[in-house]
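Trainee: Pasting the relevant annotations from TrEMBL:
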type     : residues               : note
TRANSMEM : 42-62                  : transmembrane segment
REGION   : 78-98                  : region 'Disordered'
DOMAIN   : 113-299                : domain 'Aminopeptidase N-like N-terminal'
BINDING  : HIS406, HIS410, GLU429 : Zn(2+) binding site
ACT_SITE : GLU407                 : active site, proton acceptor
SITE     : TYR492                 : site 'Transition state stabilizer'
Amino acid sequence: MSDHDVDDIAFLTGSPNESGFMVNKRAMYEPGAVMVCSQKRACCVVTMGFIAIIAVALIVAFTKPGCPEATYTGEPVPGMSSHATSIPPTTPPTATNGEEFPWTDVRLPFHVKPLDYHLKLHPNLTTKHVAGTLIIKLTAIEETTAIIIHGRDINVTSYSLHNKYGKPIDIRRFLVYPPHQQLYLELSEMLRRGSNYTLNLTFETNLREGLDGFYLSSYKDSDGNKRYIATTHFEPTSARAAFPCFDEPHMKARFHMSIIREPRHFTLFNMPLKSSSPTNESDLVLDTFQESVEMSTYLVAFVVCDFAMVSNMTEHKVNVSVYAPLTMISQANYSLRVSSYILDYYDKFFGVPYPLPKQDLIAIPDFGAGAMENWGLITYRETALMFDPVHTSSRAQQRVAVVIAHELAHQWFGNLVTMSWWSDLWLNEGFASFMENIGAGIAEPGWAMEEQFIVEKIHPALSLDALMASHPISTPVTDPAQIESIFDTISYKKGASIINMLESFIGRELLKEGLRLYLENNRYSNAATDDLWSALTEVTQKHNTMLDIKGIMDTWTLQAGFPLISVSVQDGHVMASQARFLVCEENVTDPNEPHNATLGYKWQVPLTYITNNNPDSSTMHWMNLTDIEFDLEKDVTWIKFNAGQRGFYRVNYDPEGWDALIHVLHTNHTTLSAADRASLIDDVFTLVKAGTINASVALELSQYLVAETMYIPWHTAFQHLFQWVSLSFNYPAHTLMLEYIHTLILPQYNRIGWNDTGTHLERLLRSEMLSAAVQCGNTEAIQEAQRMFQDWRNNNQSIPPNLRSVVYDTGVRYGSKDDWEHCWQVYNTSTVPSEKSLMLQAMAQTRDPWLVQQYLEYTLDHSKIRPQDVMTVLKEVSKNPGGRLPAWRMVRQHWTEISALFGHGSFTMGAIIKAVTSPFTSSFELGEVENFFRDVEVGPGERALAQALETIRLHIQWHEHNQEDVTHWLHKQLSKETKAEETFPSEVE
Ligand SMILES: *[C@@H]1O[C@H](CO)[C@@H](O)[C@H](O)[C@H]1NC(C)=O
Ligand SMILES: *[C@@H]1O[C@H](CO)[C@@H](O)[C@H](O)[C@H]1NC(C)=O
């Protein structure tokens, strides 16, 4: 229940889309060394350093007849992984015309570099046809007789190349190779190193139906008429589906854009409009934009629409505007205010002013991710941008602020300085995810955003990273499916968590100074992880802090997983050892081997602790790839490691250590901070899951919750307690767990009540607490929710925003078919995105099998459920005990359609696999999942599949280890409480 996130499927905001590693299907794509040609010919696998390049201009020419006389040298292409072995494909690639395609690598060579693109598009939103002309000015980095460029689903109708004097260069052959999305232009003469050329292309394509490239979206106006907009989503590899381009992040260039449109529309681009002029065609208008800054292709964006707008000038004179359909524009003021504020703040934080004259934020009705940081034109899912004070919950409002803060952070991390290659995606996403809590916290100081970091980032990251099927933060990727697959919790949340840990030992000021230096050194350019470490090393050394930043951080970025620190204390002598923590005992082989064996799964751990003598200030010892021992001062009665949970590791204590901490929680829990309480809860329940300690330890610890009043520990506890509920589905422990949770929440439920008041965190807590009460079967809570639901349905009585989720869910769960139909009606007519999203969730709660089935079938009909929402429906239905089997059947039955729809967006594929398989707990179900996926293509969802299978194994393991102990403990405990009730009836509500 507690992950009723308003909208948590957005990969760009760092949400739980832990998706797929490629189960060693890399033979085709692992280029490893710099270049690979097909095996039978002189092959030019050259891996040389810069010194060698200066010394020898190595030129290797192809010699085989029919092979173009392309010339390649050993210029290292940024980001090409050097440790992977290159395996040439077994059959030479064949172009669409049947000829051999001479370039076998999925990466482009770095022979030519684009300087600027002049792109003119004529899209027609009625016919869906797009006509384009493109002039790319490029410079030859190396001598070459071929230009290779990306293009996907594009028909090139003419092409020509000219040298800088305007003299044409004959293009002998033009080849297309769809599997690698590449176009090959074979030239009659050699391009000269350092010279500039102009490539002219005209092309045709269609507006796409999906959620990437240049695609069509639609909404209903106030009269119920359907209106179309055309919009883009390019990250990571879909710019090539809109226009031919060198679609790799290090191939930065300037963009000159113009778009032909009808007068009823207007257009947006990364830069402001320069001019509008009539065209020869009747009534059409040509919009031309100012030249962009130097930027990567995946950040280009343009929109054709008829939206309304609100705007504002920031203190630093950036024109910020929010665009949305007219029916929603009244919900845009909050994001306008927050984005203006955060943009100015980041100017100061990063020490580099935002370089563009404007920043547009636009709500796109069909949007796969949460938002996309296109430079100067950020696109959002409606729920991530629209806020209405009467309707929108605190959680949904927080999401708006957080997503805005995330995307604005990208304007520096990602846009100004871009990762050299996708393997370092975490540099973009980890940083933006780290900054989003800071940015949102600045805009909303009362929200405790920095405290929430633990539950929003660290806990989910630790949870995923404890699987063998996790992956290192820095991970080699080459083809588009692999690239898609790393937009996951590891890049986002583990990335953010290790920066947070770094900040814990160097401090915010040094971190800031290091980041500024990094941005300064690499602006309008690209960087790798090591560039960040060297900037940070430089500033720490300047301040006389002798830390081997790279040495420390490499242990966290190059290896998958994290350590479990096992501590035992004897007579004041502490022994702490480290070992990789894997939650599932029965494991297949490590998919990351042999790449990461070098560090041997040991880490440089900043081991911190507090004790009863010093509960407010922590002490730190470094564990430098080793175990350590040290002595405590006298009179230590308890010790808690990982103070404030700033470190990315877990801790296990000896039995006396756990007892002492449990004692502190039971007697005076506020001795420990809310963060420390949450960290103990998360560790203890996870260690039980792993079979490391007995379930009774976690359950005994959890008893302190009767006195807990804070959101962060409760949120953590709900995650685990309700997971145990769902794991024991069909077992006696199921009802016992619900009964037990009910005894824990009752005092807080009674305290917190049904008035939507208090601080932000109190509101978040109330929402989860009421929902927990309903789940535990609290009659009063169920009746109150049903009463409010009927009042809303029949008398149009508005429900306070933070109570809506529990009221709608309960209303549908205990309601009639008519109640469900009413929600469907509201879903279809509401103009409030947060309300629509609650309806989607509520409709999944029905206990009517026919309605469950109907709802699932709606996901196949795009006119009923938008593709962007399919995942949410499947996930919510799978969480409903009566929905898990129908959802699983549905996904199997319609796998081909689902994969046609989401094949490009791996986070969706992976998330769907996880959503429908996550309730499974038996070997039988494991077998079913394995059998089904054995023969189907999951594309970029492969790592997610491996993670899903491991998770089911983990659930089976939980049963084997804990089912009996949990049942036994709960029986004993609950009968004790019943006795107490009999003796002191007045003390119990
Ligand atoms: C591209 O060419 C193919 C094959 O000739 C054709 O079927 C398709 O309709 C064309 N697409 C566009 C957008 O012109
Ligand atoms: C799109 O096509 C329709 C129908 O042919 C035409 O009326 C309209 O002007 C076209 N719009 C553009 C932008 O070409």
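Cβ coordinates are placed from backbone N, Cα and C, and glycine is handled just like the others.
Locate each feature and note its surroundings.
Mentor: DSSP assigns GLU407 (active site, proton acceptor) to a helical segment in the three-state reduction.
DSSP assigns TYR492 (site 'Transition state stabilizer') to a helix in the three-state reduction.
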Trainee: Fill in the CA-CA distance, TYR492 (site 'Transition state stabilizer') to GLU407 (active site, proton acceptor), as an integer in Å.
Mentor: 13
Trainee: Can you tell me how far the Cα of GLU429 (Zn(2+) binding site) sits from the Cα of GLU407 (active site, proton acceptor), in Å?
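Mentor: Distance between the two Cα atoms comes out at 10 Å.
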Trainee: Can you tell me the three-state DSSP label for GLU429 (Zn(2+) binding site)?
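Mentor: Once the DSSP labels are grouped into three classes, GLU429 (Zn(2+) binding site) ends up as helix.
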Trainee: Find, for the listed binding-site residues HIS406, HIS410, the residue with the lowest Cβ contact count at a 10 Å cut-off, counting only other Cβ atoms.
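Mentor: Each of the binding-site residues HIS406, HIS410 was scored; lowest Cβ tally within 10 Å is HIS410.
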Trainee: Count the Cβ atoms, other than its own, that fall within 10 Å of the Cβ of TYR492 (site 'Transition state stabilizer'), considering every protein chain shown.
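Mentor: If we count other Cβ atoms within 10 Å of TYR492 (site 'Transition state stabilizer'), we arrive at 33.
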Trainee: Would you count the other C-beta atoms found within 10 angstroms of the C-beta of GLU407 (active site, proton acceptor) for me?
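Mentor: For GLU407 (active site, proton acceptor), the 10 Å Cβ neighbour count is 30.
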Trainee: So for GLU429 (Zn(2+) binding site), how many other CB atoms are inside 10 Å of its CB?
Mentor: 29
